[in-house]
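These notes concern the structure reproduced below.
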Amino acid sequence: MQFGKSLLKHVYTRTFKSSLTCSIFAFTLLMIFFVLDWKRMNVYPRLDEIPGLNVLRAWDDLQEITKSPHPYNSHASDVVRNYILEELYKLKKQDEGNVEVIDDLSSTTTFIMPDTNIRSYFEGSNILVRFRGDNERLRPILLSSHFDSVSTGFGATDNGMGVASALELARYYAEHKPERDLIINFNNAEEDYLYGARAFTEHEWSKNVTAFLNLEGAGAGGKALLFRSTNNHVARSYFKSNRFAFASVLGIDAFKRGVIKSETDYVVYEKMNNGTAGLDLAFFRNRGIYHTERDDIQHTSIFSLNHMLVNAFISLRNLLDEKSQHFKGSSPLYFPVFGSYWQINLNLHLFLNVVFLIACPAILFMCLFRFPSLYAQLKKPCYLICFTLSSLFVLIFDYVVVQSLTKLNPYVIHSSPDAVLAFFFLTNLLGLVYSFRYVATHSRMSNEELSCIEIVLIWYVSMFWYISLLIATLTSIVRGLGSLYFVNFGFFCSFFCCILTLIRVRYFVDRMVTINRPANPEQMPLVQSTSGNAYGTSRYPQHRLKAVVSKSASVKLNDNLWSVLFFSCLVPLPLFTCYNLLSEVFIPAVHQSLIDGPYSNTCYKFAVILVFMAIINSSPFVFRALSKKSSAILLMLWVSLLFNILRAEPFNEKAPIKFRVFQHLNLDTSENLFHVQNIEPYTQKVLNDYPKIISDTSYQCVDRDCFYEAEEPTLGFDGPLQNAINITLHKSLNSSLAELRVDAFETKWCYFDFSVPVYVDSINGFEVQEEHQSLRLGVRNFGTPFVVKTVAKDEDSPTNVTVTCMWDEFDHDKIPSYTSLLNYIPAWSVLTKNSTGLLKMSKTHVM
């Protein structure tokens, strides 16, 4: 026992006798937390994780599905559809009684597009399969995945992996009867406007669905993220017994606030049956190759597929095994904490925030009045000035750095997100170090004031987090946000650290200074000086003074120990909570989205503010942890990283720039232009040396659009392209009805835009009877005519209708301008569709 005590004392004195060893200890502690979190981030399920699931078979499905681009408006889509049907019919043959397959060629939907008066009409071509469950009284669960791709991509991640996972789950439940009915919807035309999901809502099977799981791809590869969940009840189905969970509540808030503009089928299903609970499981990384030709089998992995398959299976199993009839609940909140996910009701979370905002400061104030020495130090203006000016300096420094970075190399985060994030951490740490040192030096603090600055700054950090929690709580209540949860960790850690400072002052400081306590308690030192008596010559006997000096000799050792304890409680948890939010979800989701619209440096600002909140807890320790030499090394590292970031190429083969393109041919004027998104100066770098437009006088760039004379498309049409769109008008002699018929060659999409609003009686026999100026029509089969019946309001005033039809197939050189540019562009760039239709041809007719 005595040997153990001696060994512990030896380790204790050796470990905490200097600031350097304390810093090493603190760094080691941070690394332990990082390794714990790294394990959660990088663990993938084994390929044979779930008995009965064959990921190799699913990988074969994926290769079959992604042989070529297969948008809804293509013949390749029919090939993929037939493959899925064949696989499902095999399952039906195994168990005719419990497996039902529907080739849904009858569901038709029409609706008004949100925020517009545009009427959409769509003829669905979904594939539905139903597995009968043991308990017929329980309402069915829906699993959905769309099988169409965009015209410019092979659809490996979006959404081949979702389809392959759904197929493998279908095979599993064909052999393992579920507790309740399972419906799987392999839907078509999601990429155009979620039409497949909308068509499903018209089918009778949709009327009784109680919960759903949607498999999607909003990126290319990586891990499948729980993007959204409607409530905490259904979210538990994802986390229950799931060692491979990967989720963030930030996705819910991003969609809710409109930060993410694109949508998935989730938004259709959640409104089904006046509100249906569900989960949205999607890939989100590598958006630089999302919707491009590099979304193929070569740019993904079987481990990504297996991650989605296993997570989908666990979620679906828990949903099917749920005994309750309804999946009702409140808004969800979930977050990772060092290797595991925590869940809480968002309303309960906000209620507890209000309680903490009232109770915690009350507790601290009541305790503070019992410690006059600490209260006296907190009232000194030098500390408040030091903390406030230093924090303001860091924020101003951050702003200058972000503005400079976005001026000199605005897209650098696209290819170097980790370097930018590391640079922001260094920027904030450097700002804290130099600003605190400068302010403390020029504020003429005494040695005694400098010795207790650590404790005082901990209290000021707690005040900062209290204000942040107040703002975060009010914002969350008003806007229903859950992603501000990281503020709670900062506040709780600082509150707990304040309690520790009271313990230190009460039991480890006040007892040491009772010998020379001044008459006025406010003159009492908060921390004993290491140089002996802080108040001049002692009037006490020499042997008493020696006792005090003997005790003071261990003050530095105790100070170092307390600093490590404070650091361990205050820094790691808030630091890694903010770091996780940035590195796991926010940066991977947005760092390649700057090119999707008008440039904005919002992602830089959000990232640097979050880094500031992660680093601010380190401010009490910068004096002890970093010497002048260490600060100089930190400065050199910052300058080196800045230099590398400024000269880094923002786009490369692994992180290419993505140009939106389309061709428009006006059949009335013969104007034939190919449009390329203008991202200055990179569009010019690609096009200025493009051989086909070097001598093209029509080439010009206006705002966000560059265009030049395009080659005439072929489409495999025999005859002049004028006849590819044939418009005929039949007026009834006995009524005011007029039938507008459009026959378009080999296309399923045509848009009708009238010069004035017209009364639409029906579309392809589907009754509408409303007034509209624009119509969007999608038919089920090639060769089907587009028929719109209208009612004439005034025959003396002619109405013009412009019909625009779309084509997406570019094989066999059908759209030579696209294939030519695709073959020419450098490796650091890719092409993607601008909207529905790589080729748009328009024609105007007078009604």
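Quick reminder: no glycine exception, Cβ is built from N, Cα and C everywhere.
According to Swiss-Prot, the Zn(2+) 2 binding site annotation covers Asp158, Glu191, His291. His291 (Zn(2+) 2 binding site) has a Cβ environment of 27 other Cβ atoms inside 10 Å.
What Swiss-Prot lists as N-linked glycosylation site is Asn208 (among others). The secondary structure of Asn208 (N-linked glycosylation site), as reduced to three states from DSSP, is helical. The number of other CB atoms found within 10 A of the CB of Asn208 (N-linked glycosylation site), across every protein chain shown, is 12.
Residues or ranges marked as N-linked glycosylation site by Swiss-Prot: Asn274 (among others). Secondary structure at Asn274 (N-linked glycosylation site), taken from DSSP and collapsed to helix, strand or coil, is helix.
Sequence-distant neighbours of Asn726 (N-linked glycosylation site) (same chain, six or more apart, CB under 8 Å from its CB) are Val742, Asp743, Ala744, listed in sequence order. Taken from Swiss-Prot, the feature N-linked glycosylation site covers Asn726 (among others), and the record attributes it to sequence analysis.
Just so you know, the Cβ of Asn734 (N-linked glycosylation site) picks up 5 other Cβ atoms within 10 Å once every protein chain is counted. Asn734 (N-linked glycosylation site) falls within neither a helix nor a strand when secondary structure is assigned with DSSP, and so counts as coil. Marked as N-linked glycosylation site by Swiss-Prot: Asn734 (among others).
Under 8 Å, Cβ to Cβ, and six or more positions away along its own chain, Asn800 (N-linked glycosylation site) finds Phe754, Ser755, Thr844, His845, Val846, Met847. DSSP classifies Asn800 (N-linked glycosylation site) as strand under the three-state reduction. Positions annotated as N-linked glycosylation site by Swiss-Prot, on the basis of sequence analysis: Asn800 (among others).
Sequence-distant contacts of Asn834 (N-linked glycosylation site), defined as residues of its own chain at least six apart whose C-beta falls under 8 angstroms from its C-beta, comprise Arg660, Val661, Phe662, His675, Gln677. Residues annotated as N-linked glycosylation site in Swiss-Prot, with sequence analysis given as evidence: Asn834 (among others).
If you draw a 10 Å sphere around the CB of Tyr290 (site 'Transition state stabilizer'), it holds 27 other CB atoms from the protein chains shown. Under the DSSP three-state reduction, Tyr290 (site 'Transition state stabilizer') is assigned to coil, being neither helix nor strand. Annotation comment: Swiss-Prot describes Tyr290 as site 'Transition state stabilizer'.
Residues or ranges marked as topological domain 'Cytoplasmic' by Swiss-Prot on the basis of similarity to another entry: 1-17 (among others).
Annotation source Swiss-Prot lists topological domain 'Cytoplasmic' at 370-381 (among others).
The topological domain 'Cytoplasmic' feature in Swiss-Prot is assigned to 437-454 (among others); the stated evidence is similarity to another entry.
Feature annotation from Swiss-Prot assigns topological domain 'Cytoplasmic' to 504-560 (among others); the stated evidence is similarity to another entry.
Sequence annotations record features per position, and here Swiss-Prot assigns topological domain 'Cytoplasmic' to 627-630 (among others).
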Query = Reported in the order helix, strand, coil, what are the DSSP residue counts of the topological domain 'Cytoplasmic' (370-381)?
reply = 9 helix, 0 strand, 3 coil
Query = Which one is it: of the binding-site residues Asp158, Glu191, His291, whose Cα lies the shortest distance from the Cα of Asn734 (N-linked glycosylation site)?
reply = Glu191
Where Asn726 (N-linked glycosylation site) falls in three-state DSSP terms = strand
Query = C-alpha of Asp158 (Zn(2+) 2 binding site) to C-alpha of Asn208 (N-linked glycosylation site): distance in Å?
reply = 28
Query = Between Asn274 (N-linked glycosylation site) and His291 (Zn(2+) 2 binding site), what C-alpha distance do you get in Å?
reply = 32
Task = To the nearest whole angstrom, state the Cα distance for the pair His291 (Zn(2+) 2 binding site) and Asn208 (N-linked glycosylation site).
result = 34
Request  = May I ask you to report the DSSP-based helix, strand or coil state of Asn834 (N-linked glycosylation site)?
outcome  = coil
